[in-house]
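Colleague: Attaching a single structure in structure tokens format; questions to follow.
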Amino acid sequence: MGFEELLHEVGGFGPFQLRNLALMALPRVILPLHFLLPIFLAAVPAHYCALPGTPNNFSHQEAWLETHLPREPDGRFSSCLRFAHPQTLPNTTLGREAPSPGELEGEPSTVPCSQGWEYDRSEFSSTIATEWDLVCERKGLNRVASTLFFIGVLMGAVVFGYLSDRFGRRRLLLVAYVSTLVLGLTSAVSVNYVMFAITRTLTGSTLAGFTIIVLPLELEWLDVEHREVAGILSSTFWTGGVLLLALAGYLIRDWRWLLMAVTLPCIIGILSIRWVPESARWLLTQGRVEEAQRYLLHCARLNGRPVGEDSLSQEALNKVSTGEQVVPRPSYLDLFRTPQIRHISLCCMVMWFSVNFSYYGLSLDLSGLRLNVYQTQLLFGAVELPSKLVVYLLVRRAGRRLTQAGALLGTALTFGIRLLVSSEKSSWSTALAVIGKGFSEAAFTTAYLFTSELYPTVLRPTGIGLTALVGRLGGSLAPLAALLDGVWLSLPKLAYGGIALLATCTTFLLPETRQAQLPETIQDVERKRRKRCRSRTEWNW
């Protein structure tokens, strides 16, 4: 008897599983609050050089700026330069002076801002860009902060993936809650950019625990028939976090208070850990039969199943446990030792890199859109709901592989079409960005479900940890790729779309998992591969 039969006896979908999904909702809401926080936390408002003696009277201020600041080709005042010497304007009360020798020769000379900057405070009272002047020649540091955060997520995915296989999902979930709370609050009181960058990197590494632990804790208590609906239902909490971030960003305009607000919900998670069940699948793979029996009996009671200790006897569970204990101490090398697991790992790495690279490239770069940052974030969050509904219908009918490939192809096409749209047609660009966000979210939602079904139980967190590691590498490079517009304005979109197109082709190399039982061991995965190879040989013969 395998674990699927045990789960059928105690109930594979009922009040126990619904309560578990509700407990896992909080980390799913916390993740987008932090992952997409740079949209508000690192926003760069309109700015220009700080000038001594700027008049408070608005009617005189425009003329004053005209004499001190050059204009960009689009007519706006320069953000990073000022005139070396104040200029005079015709027909003004400021008077006329004889033109300087430099003016007679050509354009007036300009110099960089030497006394700081004045910022437009109408949208944001404070961001890290206004706090530490991360503009002009220092604007790269703003992007670097986001990149360091995702590098932290990348490192955390490695650590949590390995430790959750060794010490259990539940214990590591508590570690993730506590460390995220401490580091998040420390980030909010940073006294300089270096302290902020370090603490945000460490916060990213602890948040990775949520991405690695939550899905196995949900999936390993669910039967085959309800995995799709539960996966899509739980992913809607991410969308709830996206919408909640838009509301929080609108209500809280100071980056320190905003960072505190998105971190404090971890307190609720710490208090709720007592009700979170450990994975009985994992306990059996570790030979901890008595603990697995206790959780299985609790599941049966909550689901109203008449199962006694005789039905889940120690002898029966010992037999299941013996079959589960194939890789007692999984490592990342186990993902490359056997042919099929190696094939799955390599393809998933490409797929996850693309999913993260295109998703965060689109989500964090809101330039060139017609709406303000709050409206855009709200619209980006709203489009995710119908996207998840479409995914739910498609994964059940078309399968995981075709849904994943279609979502990635749609993402690539929207980036490609935006390259052809004139920058003057901002409404078209905004519409395409929203459609692309829907496709990229569909790819993200499907990737979690698809990947978790490809790996066996003994390697599932490790496999998800590896793919999340490569995915966060894509996420960390996405903000830096936006800086490629200095080389060629369309190069970032070309990079995002090209990588998504490559992943579309790679996805077709993965096996379909629709209506398939979750593999328990590495041998289960390799056995399926041999059966497919044998079927193809017989068909060719």
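Just so it is clear, glycine is given a Cβ too, placed from its N, Cα and C backbone atoms.
Straight out of TrEMBL:
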TRANSMEM  29-48  transmembrane segment
REGION    89-112  region 'Disordered'
DOMAIN    94-515  domain 'Major facilitator superfamily (MFS) profile'
TRANSMEM  144-163  transmembrane segment
TRANSMEM  172-191  transmembrane segment
TRANSMEM  197-217  transmembrane segment
TRANSMEM  229-251  transmembrane segment
TRANSMEM  257-276  transmembrane segment
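Thinking about packing and proximity, how do these listed features fit into the structure?
Modeller: Beyond its flanks by at least six residues, the transmembrane segment (144-163) meets 35, 38, 42, 128, 134, 172, 176, 193, 196-197, 200-209, 211-213, 330-332, 360, 364, 461-466, 468-469, 472-473, 475-480 of its own chain at Cβ-Cβ distances under 8 Å.
With a threshold of 8 Å between CB atoms, the same-chain residues lying at least 6 positions outside the transmembrane segment (197-217) that come near it are 20, 24, 27-28, 30-31, 34-35, 144-145, 148-157, 159-161, 164, 169-170, 172-173, 175-176, 179-180, 183-184, 186-187, 190, 234, 276-277, 279, 282, 448, 452, 460-461, 464-465, 468, 472.
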Colleague: In the predicted model, what is the mean pLDDT computed over the domain 'Major facilitator superfamily (MFS) profile' (94-515)?
Modeller: 86
Colleague: Taking 29-48, 229-251, 257-276 as candidates, which has the most Cβ pairs under 8 Å with the transmembrane segment (172-191)?
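Modeller: Selected stretch: 257-276, with the most Cβ pairs under 8 Å.
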Colleague: Below 8 angstroms Cβ to Cβ, which residues of this chain, lying six or more residues outside the transmembrane segment (229-251), approach it?
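Modeller: Hits for the transmembrane segment (229-251): 13, 17, 21, 24-25, 28-33, 36-37, 39-40, 214, 218-219, 222, 258, 261-262, 373-374, 377-378, 380-382, 384-385, 388-389, 391-392, 395, 441, 445, 448-449.
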